[in-house]
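A.B. asks: Just passing along the structure, written as structure tokens.
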Amino acid sequence: MAVGPVWAAAGACFRGKSDPGLAGMAPLAGAGAVLAGAVAVALLSAALVLYELPLDAVLQRAFSLHKAHSIKDMENTLQLVRNIIPPQTSKKHKGQDGRIGVVGGCQEYTGAPYFAAISALKVGADLSHVFCTREAAPVVKSYSPELIVHPVLDSPSAVHHVEEWLPRLHVLVVGPGLGRDDTLLENVKGILEAAKARDIPVVIDADGLWLIARHPALLQGYRKAVLTPNHVEFNRLSEAVLRDPGDGSDREAVQRLSQALGNVTVVRKGERDVISDGEQVLECALEGSSRRCGGQGDLLSGALGVLVHWALLAGPEKTNGSSPLLLAAMGACSLTRQCSHQAFQKHGRSTTTTDMIAEVGPAFHRLFET
Ligand SMILES: NC(=O)C1=CN([C@@H]2O[C@H](COP(=O)(O)OP(=O)(O)OC[C@H]3O[C@@H](n4cnc5c(N)ncnc54)[C@H](OP(=O)(O)O)[C@@H]3O)[C@@H](O)[C@H]2O)[C@@H](O)CC1
Ligand SMILES: Nc1ncnc2c1ncn2[C@@H]1O[C@H](COP(=O)(O)OP(=O)(O)OP(=O)(O)O)[C@@H](O)[C@H]1O
Ligand SMILES: [Mg+2]
């Protein structure tokens with residue numbers, strides 16, 4: 001569907017009913033053209049022709065619910081996300097666009113590390129590794145021949161095994177399907193220390209966040225860490241780190257947690273995703289779906305792993321001085337919600353995370369390549 005010009009020029013609020021409504025992707029500083037009224041009307045007309053939407057609905061979404069400046073801010077932010085995506089050229093070798101390691105996968109949970117690792121590949125990483133327990137490995141391998149699976153996490157020399165791979169990895173995603181076994185968590189502590197010692201960025205999700213709630217010092221002040229808590233995980237972390245999380249808006253709560261952890265980036269997932277590095281706060285409320293099947297957060301964490309690598313590689317001229325990790329987080333949240341939206345359009349109630357993963361390519365293209 002030819003949505004490019006409408007989207008690129010005017011923001012997704014002008015898009016039709018099979019497309020996302022964007023709201024609350026507020027604000028990153030940056031320049032951008034203010035839409036002239038006449039141009040907006042012309043684009044709205046184009047949207048109407050393309051999607052046969054009632055005029056009222058388009059106007060309400062475009063102007064009543066979302067102020068013009070927030071559309072502009074959102075467009076500016078997504079433009080910066082687009083800037084960090086490395087060009088695809090014939091000059092690159094395998095691995096350059098990302099070698100991601102997922103630390104997780106145990107007897108109970110094999111889907112979560114698979115979702116994270118395959119999502120990283122689908123976003124554009126070249127190689128995706130899973131470091132899981134011995135029992136989980138053949139199961140995870142059997143889901144996909146594209147994943148490289150290491151059955152080491154419950155071994156007494158787990159840290160050593162993973163350390164051997166660290167020089168060849170760009171980012172670690174720690175936690176999907178890890179479980180809460182004390183021996184495993186102890187190994188993951190060692191792996192995190194080793195990653196930090198090599199300055200390797202880490203995305204911490206799921207049971208990785210359980211570990212951080214018990215040992216916040218593990219990541220204190222590590223600026224290359226992104227935490228991706230859901231509602232329950234966020235509350236658990238806040239209780240552990242702040243003791244008295246206090247009152248206040250979601251935005252303040254996320255900013256406070258980030259600050260208390262020494263400005264690690266926090267992505268609080270929910271009806272709106274709130275993202276902060278302790279200094280800035282962004283929100284992503286791109287329309288996803290009302291489907292809440294398990295695994296969507298795993299998709300997000302794997303996608304984020306790749307985007308973190310790309311954002312850190314891009315350099316300040318591409319990010320316009322904005323925090324690379326904030327941009328990466330905004331990219332991953334937008335992408336996950338867009339996948340959810342597109343999958344739900346096709347599958348409705350029966351949508352599962354596998355359906356969302358099938359949408360990663362088209363959703364990425366629609367958000368970032370048109
Ligand atoms: N296919 C797989 O292999 C998958 C494996 N996964 C892996 O599972 C492991 C545990 O992760 P987890 O997220 O299920 O955490 P956990 O602390 O057990 O919380 C569960 C309870 O918290 C609640 N709750 C949750 N969200 C809430 C909300 N927004 N708002 C309010 N309440 C909310 C809710 O409680 P209830 O409604 O039952 O009272 C729910 O039952 C981890 O390794 C993860 O990666 C998943 O990734 C999925 C796919
Ligand atoms: N109420 C909601 N409305 C719309 N989108 C939501 C809602 N809650 C979560 N999401 C989106 O779903 C995705 C996953 O968030 P969620 O809170 O389900 O993570 P999670 O619980 O860690 O998932 P997982 O099952 O993988 O562990 C995110 O992109 C988030 O924006
Ligand atoms: Mg989760």
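Including glycine, each Cβ sits where the backbone N, Cα and C put it.
Those TrEMBL annotations? Automatic predictions, nothing curated.
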A.B. asks: In TrEMBL, the (6S)-NADPHX site includes Asn230, His231, Val232, Glu233, Phe234, Asn235, Arg236, Asp298. Which of Gly124, Gly177, Gly361 does it also list there?
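C.D. replies: As annotated by TrEMBL, Asn230, His231, Val232, Glu233, Phe234, Asn235, Arg236, Asp298 share the (6S)-NADPHX site with Gly177, chosen from Gly124, Gly177, Gly361.
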A.B. asks: Roughly how many Å lie between the Cα atoms of Glu233 ((6S)-NADPHX binding site) and Lys269 (ATP binding site), rounded to a whole value?
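C.D. replies: Rounded to a whole number, the Cα-Cα distance is 10 Å.
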A.B. asks: Among all protein chains shown, how many Cβ atoms are found within 10 Å of the Cβ of His231 ((6S)-NADPHX binding site), not counting that one?
C.D. replies: 11
A.B. asks: Quick one: of Glu233, Glu271, Asp273, which of the binding-site residues has the smallest count of other CB atoms within 10 A?
C.D. replies: Glu271
A.B. asks: For the binding-site residues Lys269, Arg291, which one has the sparsest Cβ surroundings, going by other Cβ atoms within 10 Å?
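C.D. replies: Sparsest of the binding-site residues Lys269, Arg291 by Cβ contacts within 10 Å: Arg291.
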